[in-house]
Amino acid sequence: MSIVINNIGLLVTNDPSVGTDELGQIRNAAVVICGDRIAWVGPSAQAPAADHQSDMAGACVIPGFVDSHSHPVFAGDRSDEFDARMNGQRYEAGGILRTVRRTREAPMGFLDAVMTGILDEMARSGTTTVEAKTGYGLDVETEVKLARVASSHTDEVTFLGAHVVAPECQPDEYVRLVCGEMLHAVRPYVRWIDVFCETGAFDPDQTLEILRAGTDAGLGLRLHAAQLGPSEVIPQACELGLAAVDHCTFLSDEDIDALKATGTVATLLPAAEFSTKQPYPDARRLFDAGVTVALATDCNPGTAFTSSIPFCLAIAVREMGMTPEQALWSATAGGAAALHRDDVGVVKPGARADLVSLAAPSWLHLMYRPGVPLIDRVCKAGRFLRLDQPRLRLDG
């Protein structure tokens with residue numbers, strides 16, 4: 001079955017071979033979808049016939065957002081920590097263990113309901129591809145439970161057993177557990193492995209050991225680094241074949257050179273800095289150096305509890321030195337690059353049919369009018385979603 005989506009006032013394709021700029025913008029456009037894939041893109045007047053039609057009434061249409069960094073499987077509410085930070089308390093990474101305790105106690109059905117609620121929020125915000133991390137179990141049983149829940153919702157599941165050291169373990173003992181029994185147990189459910197390399201979590205040697213174990217298990221590599229301070233691990237980790245380094249607030253020139261030389265994506269997470277009152281990363285410095293940049297939510301219960309890419313777009317252009325064009329690209333095609341995907345974050349023949357129409361004449365309004373619900377319709381894999389108001393419950 002095919003459908004032609006026509007009368008698109010302004011279409012962003014992220015395909016520079018069409019349109020007039022890097023965003024591949026086309027005015028008065030149409031898109032033909034066959035099944036879950038895009039079959040044709042071009043001017044409305046030239047659109048081929050299809051079985052069905054959908055009239056966008058002149059709306060602006062963009063690719064679905066690609067959120068390449070999120071932590072949506074957990075239990076428990078940490079709003080009190082946000083309140084403490086807003087009252088002057090300094091952010092440290094210790095709150096993760098509060099979520100671990102609640103998550104270990106939660107049944108799988110409850111965790112699935114939490115993730116479903118967050119994904120519904122994301123869909124209402126225009127997100128159609130989500131990377132989801134484990135990391136709130138820190139024992140074999142719970143990490144497997146989190147991986148199973150996440151894998152029932154997305155193909156982009158990341159094993160983050162190396163979030164912090166489990167409270168019942170010594171650091172070296174826990175690294176052995178992560179690299180051995182835990183990794184083996186979660187392997188059927190995950191595509192990626194990630195490590196939180198920061199003071200209070202894992203040091204560079206431990207980080208490299210865990211990443212190498214992930215490589216041996218056939219997983220793609222991701223890294224949290226340079227969020228709380230400079231990191232020594234990034235150049236060495238990039239040589240292992242990282243897909244992305246995430247946070248990237250405190251990067252050295254050597255770090256940026258390594259990202260560029262290895263084609264590693266720098267994923268920026270402005271909602272984390274917004275919530276923790278930490279300095280924002282300098283996105284312009286990365287773009288000027290030719291590094292590929294992604295923009296994601298870091299949706300998590302402690303330091304960035306937002307599911308909204310549009311919110312992150314607004315922060316990125318105001319606080320991080322991104323142009324609006326760079327921000328939109330980073331939240332779509334950039335996120336796809338961070339996941340080594342070429343079938344999402346773009347509107348072109350062969351790509352998955354993920355489209356978002358806006359209740360605005362231009363995508364610029366996503367940043368120009370922050371906080372306004374401008375997402376009108378969302379098409380994911382060729383199906384228009386029903387955007388019900390999600391009901392998120394964090395405590396059983």
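Cβ atoms here come from the backbone N, Cα and C positions, even for glycine.
As given in Swiss-Prot:
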{"type": "BINDING", "residues": "HIS69, HIS71, HIS224, ASP298", "note": "Fe(3+) binding site"}
{"type": "BINDING", "residues": "HIS69, HIS71, HIS224, ASP298", "note": "Zn(2+) binding site"}
{"type": "BINDING", "residues": "ARG78, TYR136, HIS163, GLN227, THR303", "note": "4-imidazolone-5-propanoate binding site"}
{"type": "BINDING", "residues": "TYR136, ASN300, GLY302", "note": "N-formimidoyl-L-glutamate binding site"}
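Projection of Swiss-Prot feature records onto the structure.
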residue	record	Cβ contacts under 8 Å, 6 or more apart
HIS69	Fe(3+) binding site	GLU131, LYS133, ALA244, ASP246, THR267, LEU269, ALA294, ALA296, THR297, ASP298, ALA338
ARG78	4-imidazolone-5-propanoate binding site	GLY95, ARG98, THR99, PRO301, GLY302, PHE305
TYR136	4-imidazolone-5-propanoate binding site	HIS71, VAL73, PHE74, ALA75, ILE96, THR99, VAL100, THR103, THR142, LEU146, HIS163
HIS224	Fe(3+) binding site	ASP194, VAL195, PHE196, CYS197, GLU198, ALA201, ASP246, HIS247
GLN227	4-imidazolone-5-propanoate binding site	GLU198, HIS247, THR249, PHE250, ALA272, GLN278
ASN300	N-formimidoyl-L-glutamate binding site	SER70, HIS71, PRO72, PHE74
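Residues ARG78, TYR136, HIS163, GLN227, THR303, recorded as contacting 4-imidazolone-5-propanoate, have a largest CA-CA distance of 20 Å. Neighbours of GLY302 (N-formimidoyl-L-glutamate binding site), defined as other CB atoms within 10 A of its CB across all chains, total 23. Sequence-ordered, the extra residues of this chain that approach the N-formimidoyl-L-glutamate site, with Cβ no more than 8 Å from the Cβ center of TYR136, ASN300, GLY302, are HIS71, PHE74, ARG78, GLY95, ILE96, THR99, GLY135, PRO301, THR303. Residue annotation for N-formimidoyl-L-glutamate gives TYR136, ASN300, GLY302. The furthest Cα pair among them is separated by 11 Å. TYR136 (4-imidazolone-5-propanoate binding site) falls outside any helix or strand according to DSSP and counts as coil.
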